[in-house]
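**Q** Take this structure first; my questions come after.
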């Protein structure tokens, strides 16, 4: 019985000593916070015991990790990238095939002499090579803008963490804003230029519809309805025949080359319009991200100055305390 009483007394003594140590530590921390007001944000957290430690079952699971990863995805940049890729693919693919069909129609019906449309063939071939370059460039540029969207999104979400924006990163973001603006203006011109063949094919198709109408079929003036392709400046005025009338024009409209080229030019024009919208979307995203990075850099500079001033104040207080202790 006596050892049991001694053991209980020893346990009570140890518990009282622990409470004294904890209370003394809390008093020291409170005195430290009173002496250094800048350190009030650093709260005291007692060290967890073995029973208070988190179990492995309470660690973040796969679902939480997926939610965290999805939270860092720049959805606006992703949508703009998909729209840009789709528009460029439609413009380049459909435009390439439509140009080849246009050359075939001109050689078979409107300009039988090869020398008359030799320069046009060279220009169309050059445009096809330009289409290859446009497709390759915008594939890389879209990936770069998407990566830049990931970078700026992480910068904004980790603004109050250890993330640091650099002057080089802000300069690159500003360069992308300027380059996207220039490309957007250029694609406005491409969109307007792609509407020209649609207008030409529409005029030919509407003329064929006039020939097919019942009011025109019953008259003898069908052969007087013509389409002169030379007035568009595609082929020179001395090209032969250059002008197709009546039933010959109707036969051209019924060919697969005309049907496919007409609709492919429409799709290519729509793709150019989608690319313009995507670049405008990119321009808004990049401008917003650049503004966020600029504000982040100012906030970081302010926090650095504030931390430096607090450190200097703490050094002054510590030196004054040491001097006071030396006098006493």
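Using the three backbone atoms N, Cα and C, a Cβ is placed for every residue, glycine included.
Keep in mind the model is a prediction, meaning the values are calculated, not measured.
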**Q** Please identify the range among 78-106, 223-251 that TrEMBL labels transmembrane segment.
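**A** Based on what TrEMBL states, transmembrane segment spans 78-106.
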**Q** Of the ranges 48-73, 126-151, which one does TrEMBL list as transmembrane segment?
**A** 126-151
**Q** From the ranges 172-196, 197-221, grab the one TrEMBL calls transmembrane segment.
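**A** Matching range for transmembrane segment: 172-196.
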**Q** Which stretch from 78-106, 126-151, 172-196 shares the most C-beta pairs under 8 Å with the transmembrane segment (264-286)?
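**A** The stretch with the most close Cβ contacts to the transmembrane segment (264-286) is 78-106.
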